[in-house]
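Report on the structure given below.
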Amino acid sequence: MERWNSTRGSGFILVGILNDSGSPELLCATVAVLYMLALTSNGLLLLVITVDARLHVPMYLLLRQLSLMDLLFTSVVTPKAIVDFLRGENTISFGGCALQLFLALMLGSAEDLLLAFMAYDRYVAICHPLNYMVLMRPRVGRLMMATSWILASLSALAYTWYAMHYPFCKARKIRHLLCEIPPLLKLACADTSRYELTVYVMGVTFLMPPLVAILASYTLILFTVLHIPSNDGRQKALITCSSHLTVVGMFYGAATFMYVQPSSLHSPKQDNIISVFYTIVTPALNPLIYSLRNEEVMGALRRVLGKYMLPTQSTI
C-alpha cells in the first residue's frame, strides 16, 4: 500500500461510532446529553469541594482531582466528535491526532493511579482511623496528586512520540472515536509487533499494580468493616467503598479491554463501543455515583446552592 506523508498531508479521518450507527442523529443527541451531564455534574462537584471548607480533607480533595480528570478527558473527545458529525467532516490533522492521543493517555493513566491512591485513603480512614491525619496529612495528599499527573504525563509523552513516528499508509481512516494507539497502529506501514508488545507491557504495568493495590486495600477494609459493632458505621463504610468500587470496575474493565487484550481480538465495532463508554458515559456517571449516596457531599451541595441562590432570589 502506498505511503503518504502524514505530517504534510491532510491528516487522518476519524470514523467513529456516530458514523457507523444505524441511528446517528439519535446517538449524537444522546452523546450531547451525556456530555452536558458530565460538564454539569463534574463542574458542580469541583465547585462544592472547592468552596465548602468542610470537604477540604484528603478523601474529597482526591475526588476533586478525579472530577477534573473526567471533565478534561471527556472534553478532549466529545465536543470534536459532535461538531464533526454535525458538519459532516471527520478529519483531524497529524498534530491534532498526536495531541489527542497524548491527552487521552495522560488523563487515563493519571486516573488509573489516582484510583489506587483513593483506595489507600479509604484503607487508612477505615482501618487506621486514629492515624488518618498523620498518614494522610496534606503533604501526602499533594504528593499523591502530583505523582499521578507527572508519571502519567511522562508515560503518555513517550508512547505518543513512539506511536506517531511510524510511516502511515494511504488509507487514512481511523475506525475509532478518537486517536488511540490500537486503531492507529493498524494504519502503520511498518512492523509494529515490538511496539504492540511494549503497549501490552505498559497496560499490564500501569493497570495491574494499582488494581492489585485496590483489591488488597478493599480486602483489608472488608475484614475491618465486618468487625465494626455499629450498624450505622458499617453501612456508611460500605456505601463509601461501594461507590469507589463501582467506578474502579467501570474504569478497569474498559482499560483492560483496550490495552491488555491482544490486538488480534480487537474489532472496530467493539472498540468504538468501549471508547464511548470510558470517554463519555463513565465521566458522566462518576460524580453521580460518588455524590448521590454521600450525605456529606449532598449536604455541602445544598449549602453552596443555598448560599448562591438565596441572594439571587431575594433580589428578584
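Heads up, the Cβ atoms here are built off N, Cα and C, so glycines get one too.
Taken from TrEMBL as is:
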DOMAIN    41-290  domain 'G-protein coupled receptors family 1 profile'
TRANSMEM  29-49  transmembrane segment
TRANSMEM  61-78  transmembrane segment
TRANSMEM  98-120  transmembrane segment
TRANSMEM  140-162  transmembrane segment
TRANSMEM  200-225  transmembrane segment
TRANSMEM  237-260  transmembrane segment
TRANSMEM  272-292  transmembrane segment
### Query
Other than its close neighbours in sequence, what residues sit by the transmembrane segment (272-292), given a CB gap under 8 Å and a spacing of at least six beyond its ends?
16-17, 20, 31, 34-35, 37-38, 41-42, 44-45, 63, 66-67, 70-71, 73-74, 76-78, 104, 108, 175-178, 180, 243-244, 246-247, 250-251, 254-255, 257-258, 298, 301
#### Entry: Reported mean pLDDT - the domain 'G-protein coupled receptors family 1 profile' (41-290)
86
#### Entry: Outside the transmembrane segment (140-162), six or more residues from its ends: residues with CB under 8 Å to it
58, 61-62, 65, 98, 101-103, 105-114, 117, 181, 195, 198-199, 202, 206
